[in-house]
Amino acid sequence: MYLLTIACVLNMVKVTPKNSFLYFAYGSNLLTDRIHVNNPSARKVDVGKLKDYCLGFDYFSQRWKGAAATIMKEKGQHMYGVLWELDDEHMKSLDEQEGVEKGIYEVHPVTVEITNGELVQARSYKIIRPPETDKRPSKVYMDVILKGARENGLPEEYIKYLESIEHNGYSGEVNVNLDLSLVKS
């Protein structure tokens, strides 16, 4: 019986096609224009739900002038994001964008539920730096996250949650190659 259960669970988890990988985005990479800055092969697969995690903000990002998003283990909670498929050649550029070599984020494998209920294995990132005192993201960073959430059809209750996150008020220039006039509210 135990082996049968394991076999059933393994059959539920989809495998990534060859020469590509799945990436669960929950921050600025929700926005298509943002992920394409460094990772032009990114193709949207679906909206994804990550169970037993919540969205957090722990590390002050010079790039965004406020705290950057991370995933945090939280039993009984869930969060949403976008599942992207990227060509293997862009794994390094995604790692660089997320600051893996600088010790800001680490690669964090996750199991994501897509809209049809199937489970897929994906690559994601989690902040590993010590938490900051001011954990508020900048307004411009939240505008990018919200635009991406709306663009990709994340659930309305999750968008309302994102809208409720307190930001630090900063809406000026940030160090990203993205036309921010398209996202400012």
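Any Cβ shown, glycine's included, is placed from N, Cα and C.
Long-range neighbours of Gly27 (substrate binding site) (same chain, six or more residues apart, CB within less than 8 Å of its CB): Ala68, Ala69, Tyr141, Ile145. As annotated by TrEMBL, substrate binding site applies to Tyr23, Phe24, Ala25, Tyr26, Gly27, Ser28, Tyr141.
Sequence annotations record features per position, and here TrEMBL assigns active site, proton acceptor to Glu98. Under DSSP, Glu98 (active site, proton acceptor) is assigned to coil, being neither helix nor strand in the three-state scheme.
Under DSSP, Tyr26 (substrate binding site) is assigned to coil, being neither helix nor strand in the three-state scheme.
Its Cβ taken as reference, Tyr23 (substrate binding site) is surrounded by 27 other Cβ atoms within 10 Å in the chains shown. Considering only the binding-site residues Phe24, Tyr26, Tyr141, the Cβ with the fewest other Cβ atoms within 10 Å is that of Tyr26.
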